[in-house]
Amino acid sequence: MGKEKPHINLVVIGHVVAGKSTTTGHLIYACGGIDKRTIERFEEGGQRIGKGSFKYAWVLAKMKAERERGITIDISLWKFETRKDFFTIIDAPGHRDFIKNMITGTSQADVAILVIASGAGEFEAGYSKNGQTREHALLANTLGVKQMIVCCNKMDDKSVNYSEARYKEIKNEMTSFLTKVGYAKVEERIPFIPISGFNGDNMIEHSANMPWYKGPTLLEALDNVHPPKRPVDKPLRLPLQDVYKIGGIGTVPVGRVETGVLKPGMTVTFAPVNVSTEVKSVEMHHESIPQALPGDNVGFNVNNVSVEDIHRGNVCGDAKNDPPCKTESDAQVIVMNHPSGIRPGYCPVVDCHTAHIACKFEKIMSEMDKRTGKVLRENPDIVKNGKSMMAQLVPSKPMCVETFSDYPPLGRFAVRDMRQTVAVGIIKSTVRAK
């Protein structure tokens with residue numbers, strides 16, 4: 001039966017100390033993703049190092065540490081199931097490259113849980129100009145995560161004491177902010193749930209501590225999420241993650257189908273190298289499959305192409321149906337974290353799908369209002385943090401990207417410099433590069 005449930009990708013966002021790990025750990029545990037014995041083992045370890053109060057966060061931290069040390073962990077720990085759906089937590093902001101991952105993402109998130117600390121001064125810190133609450137909410141909307149659930153966490157904090165007035169204050173602030181960022185009909189579409197990620201209030205069952213709250217629990221809100229429509233009817237786009245040479249078989253490119261369908265017998269084109277060939281076979285989890293659909297990570301065997309011809313960052317498409325090609329693009333870019341600001345001529349690295357290529361801001365056409373897209377200045381000489389621009393990007397070597405409106409996963413990117421994400425953007429239009 002289980003196979004019939006829709007799969008939904010979930011991302012958990014919010015300021016550093018909002019309690020994301022505790023909330024996520026508790027949720028996975030409550031939905032049966034982690035057995036009690038594991039929690040108890042972690043809890044003992046936590047108490048030994050004086051962290052007993054972090055038992056659910058400790059679960060995620062331990063999993064993360066084990067992942068970082070290369071110990072394989074049961075990936076089911078990052079999955080849980082509700083009455084209606086299977087959920088996979090695709091990333092949590094504790095990761096160093098969280099913003100880059102969220103953009104170039106191994107997966108597009110279908111829904112975001114925004115965790116907010118309700119404690120006195122804590123909400124204000126996360127919501128301040130330098131806090132991550134704003135940045136993450138803006139990012140989620142820019143990257144097309146249209147469904148959101150807001151958790152007002154730490155309602156059990158002494159400074160809050162399950163206060164309805166504090167909940168309303170935070171809800172009002174955040175409703176107007178999310179509307180500014182670009183979320184529509186926030187009041188109707190985004191649930192605000194007062195919770196305690198540690199004690200479990202309003203996570204699975206309604207809390208006796210907050211009889212004034214009549215809305216859904218976190219679990220009920222997750223069950224109300226609409227499963228995404230996977231784009232099978234679009235032309236094929238498959239960015240390559242790796243290309244292997246396998247003895248006795250030949251060249252095997254590997255990647256995730258983003259749109260369309262990949263089948264044996266198809267003629268495919270790789271961009272920007274403009275190499276075409278026939279697909280001999282398609283495999284997933286070491287088994288031959290008749291077709292690969294969006295979301296599938298696959299390896300496929302191709303005729304007469306060597307590992308020197310195609311590389312990570314190339315894009316595979318259907319030679320007969322809108323094949324991909326090398327492109328230059330105009331993009332809307334939001335500057336997030338640049339020490340001085342971005343000027344024409346700036347040449348950072350752009351991470352778009354699996355491609356990682358230096359691109360020059362050839363021309364900055366305008367500075368715009370982030371939310372409305374209204375032009376504020378034509379041809380600015382510099383665009384600073386928090387501002388949005390329309391820019392012409394020219395890659396230093398051939399690159400294949402697509403417009404965000406046609407192929408979202410190939411149309412959103414991170415701008416990286418000084419080992420951090422300095423800006424994010426979406427491709428508005430492309431032209432075939434000469």
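Placement of Cβ uses the backbone N, Cα and C atoms for every residue, glycine included.
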Point to revise | Of the residue ranges 70-74, 160-164, 260-264, 380-384, the one that Swiss-Prot records as region 'G2' | key: 70-74
Study note, to complete from the structure: Which range is region 'G3' per Swiss-Prot? Of 91-94, 127-130, 247-250, it is 91-94
**Study point:** Range annotated as region 'G4' - as stated in Swiss-Prot, picked from 153-156, 213-216, 317-320
**Key:** 153-156
Practice item. When you get a sec, could you say which of 14-21, 302-309, 406-413 is annotated region 'G1' by Swiss-Prot? Key: 14-21
Exercise for review: State the three-class DSSP label for GLY14 (GTP binding site), counting H, G and I as helix, E and B as strand, and everything else as coil.
Suggested key: strand
Check your understanding: Under the DSSP assignment, what numbers of helix, strand and coil residues are found in the region 'G4' (153-156)?
Key -> 0 helix, 1 strand, 3 coil
Review point. Can you count the other CB atoms that lie within 10 A of the CB of MET155 (GTP binding site)?
Key: 27
Exercise for review: Determine the mean pLDDT over the region 'G2' (70-74), rounding to the nearest whole number.
Suggested key: 40
